[in-house]
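Notes follow once the structure below has been shown.
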Amino acid sequence: MSLMTTSLFICLFLVLSALHDFLHVHAHSTRSPPIQQVFQLHSANLFILPRSYPTTQDSKIHKRSLQSPPPSNLRSDDSLLLRFSIPSSPSNFSIHFSLSLRPTPNLIHPDARINYHSLDPLTGRTSIKTDPLSPDHVMAYTGWVIEETAVESWWAEEHASLLRSPDWASSSHDPRVIGWARILVHDTSKMLDVNHLNELVWEGSFEYKQQLWHVKPHDLFLRTKHSNDVIPLQMKSHARGGLVAWREVKTSQVDHNLSRNQSDSTHFAPQYPSQLPTKPSSICGHDQLTFNINPDHDVYQYQDPRPLHLSPPRSSSWITSILDIINSLFGLPSYHQNFSNQFDLGSYSYTPPSRLFKRQTMSSDISGPANKASSNFFNSIGSTVGCPVEAKVVYIGVAADCTYVSKYQSPEAARMAILNNLNSLSALYLKSFNVSLGLVELNIQSADCPAQPTMDAPWNVGCVGSSEHGLDLNQRLSVFSEWRGAKGGGDGAGLWHLMTDCPAGEEVGVAWLGQLCKTSSEQSGSGQVTSGTGVSASSPTEWTVMAHEIGHNFGAIHDCGTGCSMSDTCCPMSTSSCDSGSNYIMSPSSSSNSGTEFSACSIGNICTTIRNSLNTTCLVSPGQQKVISLKQCGNGIVEPGEDCDPGEDDSPCCDSRTCKFSQGSVCDPKNSVCCTLSCQFASPDLTCRRAVNPECDFDEKCTGHSSSCPADKFVEDNRVCGPAGAGLTCASGVCTSRDQQCVEHGVGLGLKTGCPPSATDTCEIACKDPSGQADCILLGTNFVDGTSCGNGGRCELGKCKGGKPIYENHPPIKSLLSD
């Protein structure tokens, strides 16, 4: 080997090594900054709204009692007012909070069950005990934080039943409301009166004037805290050591010089580790899975405004220059990467001898750099088109492995933690997408990990390093997905989620992209097994991790972060800026000021994916879920023989004793968009779904004789629309053309003209290359359904349907194929 060749190989090795370090140093971020400041609730009151009862045995008229039940008699169907105080500093000054709460709807399926697994340490055999999970036994509530000066008037209206469902659920616009609240009550059975704080046990999250607070019993906080989190003092008089509260704040907002009081009456007890990490938080492993970042994934096929030929940023030009020199020296083709500040290794453009080209993926190694697919949903920011008009629910299954149960120290504590997670995230999904999440099956393993994986739960093993069978987070997801596929879809679960205490370094969650309602399993090209599944690791605020990973199942990609550009494959903050500041649920890494809302881009992302590519067969109307159990009026499910079923809510339209419409009622507005508050069909002039485009889509109006909104209908495809001579036609309710779609999706490329339909026989967006390097550039997304394609065909779900094969217009090709 010549000296020159040796030198070139050494140069290549050094450059690639430098690139490896450059790209991987930023691939992970550290765990979130520690919780540095905690408070003990030092006063609390629990008031239950007086329950209503029929005035006579046969009466359909219900009257509210004048007597409030005692807190020790709290039921799952009660409405309540929870008031408490938290000190804002070591001084006596306190902040007072008032939470008006009602039962969380559709949280528990009427047939929900819990499988408790026990491990015999002598034989290694497991036994299973299955119990019903009754909604009556889950005291989960959703509601609002009320301005202190308005609590009296608000509670008076509750007494008068002026805030009836579904109006009550939209009370966020009421000026008296200053935030949301979601709590799970553990126990009130020993409360002697409304002020008996020492026997009041609850947990949850709430928003107070745009500031997020969390509350947990002291013992639960200690079990889930990270080693760098503050250790709160115990309130010895409380049944669970007190109720610990903390708020999401930036590190700079915390006063590190606060004094400590070691007495038992201490309500403010900050304790700090000697060294506090300052890097951002735990991360999600979504982008490390080849299946999730494959540009051919359905989620990326319907929205791709990012151009193909992006010039590398100036800050990374030296990388491209060196690679070009090395490629030229070795006679290799030139691959131009987009080395953005996000280190996006998503795809690259390469001009082969053929006249057509498309994006390629760089690697299928799941542990290598993230191969980002080519969509950022730029054009759908804030759009709710595609999300259901009427409320839907998807029932899910949740499993807790041995490490998670061991973390919580008992199956019952693990059960309560999961219910609290689901209560919080279900309310978030209902508010954001009109889809709530309910529990149909809970699988709780023993706290003792088996020596070897079992056939019925191969994912139930210790962490990596605990034994030869330990699994990391990605492996656990794959094994769990295979188990879910073997289990089948007969359990009624549209998703399955696994809770564990085995994070992978700073990675605390991982899920498969766009796999909602996927009950089978498939092996991907990288060897991983995919299904409608996700995995989350335990933490003090693990419900936000769980909400994030389920967001991926719904088709959400990550929000953009620091150093991003508008061309990156992430959801930008707006049409003019990309960095979301880690302020939303779908941020790839959480931080001390992480929000608990979906960004406008994530909402548009998920709604667009629901409309275009997501399997939504498991989304059902709350009153339409089929159940196997005996019919039961009052379970919230409209079953054969029932007109309605208000479940845990009161309804003037439905007799909750018989599940028949009340006298004169024909519908219930609880889940029907075309039903009025007076329990009658809405008039035919009420628009229940507005047109996306007035020339190509129709407003759907209520029929006047049904409570449901009619099916979505469009003007026929190919009808001329838009300005005269613009060449626009209707396609699936929008006014567009092949040219216009090239302009919209080819941002920065100067694409203005679409290739003729006969140029390809696919529905990939094909645009004339203005540089002349190729006849057509194929973008990594599809034309809108209804767009002309091929030889007289139309695009349908990303495929060119109808028309004749292209070669029939080309006799030489036809002859060649015939031979």
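Cβ atoms here come from the backbone N, Cα and C positions, even for glycine.
Where the annotation comes from TrEMBL, it is an automatic prediction and has not been curated.
As given in TrEMBL:
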SIGNAL    1-27  signal peptide
DOMAIN    392-622  domain 'Peptidase M12B'
BINDING   His548, His552, His558  Zn(2+) binding site
ACT_SITE  Glu549  active site
DOMAIN    630-717  domain 'Disintegrin'
Where His558 (Zn(2+) binding site) and the residue listed as 'active site' are concerned, what is their Cα separation in Å, rounded? 10
Neighbouring C-beta atoms (10 Å sphere around the C-beta of Glu549 (active site)): 27
Looking only at the domain 'Disintegrin' (630-717), report the model's average pLDDT. 85
Counting every protein chain shown, other Cβ atoms within 10 Å of the Cβ of His552 (Zn(2+) binding site) number 26
Within 10 Å of the Cβ of His548 (Zn(2+) binding site), how many other Cβ atoms can you find? Include all protein chains, please. 28
